[in-house]
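A.B. asks: Take this structure, written in structure tokens, and hold onto it; I'll ask about it next.
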Amino acid sequence: MHPSLPSIIYDASPTALGISAVFGALFFYTLVKMFGFLARENQFVVEGRTVVITGGSEGMGKAVACQLAQKGANIVIVARTLQKLEEAIEAIKGSAANVNKQRFHYISADLTKPEECERIMTEVTEWNDGMPPDIVWCCAGYCTPGYFVETSVQTLKDQMDTVYWTAANTAHAILRKWLVPINPSHQRPLPRRHLIFTCSTLAFVPIAGYAPYSPAKAAMRALSDTLCQEIEVYNGSRASKERARATPADVKIHTVFPMGILSPGFDNEQQIKPALTKQLESADKPQTPKEVARIAIEAIERGEYLITTMFVGDVMKGAALGPSPRNSWFRDTCTGWLSNLLFLGVVPDLRKQAFNWGAKNGVPTSPSA
């Protein structure tokens, strides 16, 4: 069997001086971080603040909700199924730092419909004493893997709706509330607000068999990069010396790029995933929702923008950073050098594995072929 993408990254044996220098720089940076010389203040304080989490009834979304509740946040979860929401909200309450002081709410909604997202934000604002939520974290969506040609056009559209449009609709609804300008007489100091997308490393490195899913995640990443620039127009309005009409608070965008996550959705995905796809990602060790949530929250607390949850994902990000903002110019530059060297071998190997699979097994006849 040919090596998979992650195994190539893991098993690479750098011998050239340039690669050794990159590893040395990364090792030094890691030591510095471990000993706290570059410690930063928490940029994601959630105690007493209201957080909306879409897809919060299970998987990563539920884990995020539980961990933010542990930190003292008021939690609103959104999903379609009432029973799952009711069960999840009890688990989230059980994780609360102070269940008598914190507040919890759930809303059943179809996020593929923009009017539903508007309804959610209106309902949360009323529930939150007339104030919009402070943080919105988009975790909704599921993956339907398959070969592009073997997948129906309707499924391709459904994946774009479920993955991209649920996030875009949610972002549009909350930003239209957050970014309404107010007069100077009504302006008062407010903590920074946060909009968080949950994407996938497939937005960095597409893999055969994810044709319905990867384009939607790539679109989400493009939206995030665009908003990261556009939001500065509104943040800049608050820096005006005249303090004319401006938005009430600064807003920061973050995007999380997990790999496999052990969840009910992952189990369903595995049942229909092409065998070639499983081979290509065989060394990808899925993480638990709790682990992904913890790593993501810690990264947001450090103020990071594009967030990966394991080393392989970091290397994949390094190969596709392009013009995206860096978390650390030093670390991301070093990772980018390493990634570009590694992917000189990775990309040809992915294509070779696909070719050899076709030579051995012939034309696929179903999404699970």
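Backbone N, Cα and C atoms are what each Cβ position is placed from, and that goes for glycine too.
Feature annotation from Swiss-Prot assigns active site, proton acceptor to Tyr213; the stated evidence is similarity to another entry. Positions annotated as active site, lowers pKa of active site Tyr by Swiss-Prot, on the basis of similarity to another entry: Lys217. Residues or ranges marked as NADP(+) binding site in Swiss-Prot: Val52, Asp110, Tyr213, Lys217, Ile261, Ser263, Ile272. The annotation NADPH binding site is assigned in Swiss-Prot to Gly55, Ser57, Gly59, Arg80, Lys84, Asp110, Leu111. Summarising the annotation, Swiss-Prot assigns motif 'GXSXG' to 55-59. Residues or ranges marked as transmembrane segment by Swiss-Prot: 195-215.
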A.B. asks: For the motif 'GXSXG' (55-59), what does DSSP give as the number of helix, strand and coil residues?
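C.D. replies: For that range the per-state counts are 1 helix, 0 strand, 4 coil.
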A.B. asks: Can you give me the average pLDDT across the motif 'GXSXG' (55-59), rounded to a whole number?
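C.D. replies: Mean pLDDT, the motif 'GXSXG' (55-59): 97.
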A.B. asks: For Ser263 (NADP(+) binding site), find which of the recorded positions Ser57, Gly59, Lys217 come within 10 Å, Cα to Cα.
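C.D. replies: Candidates kept after distance check: Gly59.
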A.B. asks: Out of Arg80, Lys84, Lys217, which of these recorded positions shows the lowest number of other CB atoms within 10 Å of its CB?
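C.D. replies: Comparing Cβ neighbour counts within 10 Å for the recorded positions Arg80, Lys84, Lys217 gives Arg80.
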A.B. asks: Out of these binding-site residues, Val52, Leu111, Ile261, Ile272, which one has the fewest other C-beta atoms within 10 Å of its own C-beta?
C.D. replies: Ile272
A.B. asks: Determine, from DSSP, whether Lys84 (NADPH binding site) sits in helix, strand or coil.
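C.D. replies: Assignment for Lys84 (NADPH binding site) reads helix.
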A.B. asks: Cα-Cα, whole number of Å: Lys217 (active site, lowers pKa of active site Tyr) versus Gly59 (NADPH binding site)?
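C.D. replies: The Cα atom of Lys217 (active site, lowers pKa of active site Tyr) is 18 Å away from the Cα atom of Gly59 (NADPH binding site).
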A.B. asks: Using only the Cα atoms of Gly55, Ser57, Gly59, Arg80, Lys84, Asp110, Leu111, which the record gives as binding NADPH, return the largest interatomic distance in Å, rounded to a whole number.
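C.D. replies: For the residues that bind NADPH, the greatest Cα distance is 18 Å.
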A.B. asks: At 10 angstroms around each C-beta, which of the binding-site residues Ser57, Ser263 has the fewest other C-beta atoms nearby?
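C.D. replies: Selected from the binding-site residues Ser57, Ser263 on minimum Cβ neighbours within 10 Å: Ser263.
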A.B. asks: Nearest to Tyr213 (active site, proton acceptor) in three-dimensional space, by Cα, is which of the binding-site residues Arg80, Lys84, Ile261?
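C.D. replies: Result for Tyr213 (active site, proton acceptor): the nearest of the binding-site residues is Ile261.
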